[in-house]
Amino acid sequence: MKTLLLTFLVVTIVCLDLGYTLICHQLHGLQTCEPAQKFCQKRTTMFSPNHPVLLMGCTYNCPTERYSVCCSTDKCNK
């Protein structure tokens, strides 16, 4: 009986880990990423002179812009 319970516990842990999704900060709160989105980003962009805009959240690729941060662990883009 103990062996059966231990086996069930191990299978449950393995199955739960397969459904892991990344969590990233947004401007207001947290965002659960889609399975294909493997990175969190934080970047500052200039839409017009003297008006910076901060963008945060999940992304498929790391941005290559000068003022950007890209990471791949939960809540790493604060």
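Backbone N, Cα and C atoms are what each Cβ position is placed from, and that goes for glycine too.
Note that the structure is a prediction, hence the values are computed from the model and not measured.
Candidates considered were Cys33, Cys76. The record in Swiss-Prot pairs Cys58 in a disulfide bond with Cys33. Only one of Cys15, Cys40 is recorded by Swiss-Prot as the disulfide partner of Cys24: Cys40. Here the candidates are the disulfide-bonded residues Cys24, Cys71, Cys76, and by Cα distance the one nearest Cys58 (disulfide bond) turns out to be Cys24. Per Cα geometry, Cys40 is the residue among the disulfide-bonded residues Cys24, Cys33, Cys40, Cys62 nearest to Cys71 (disulfide bond).
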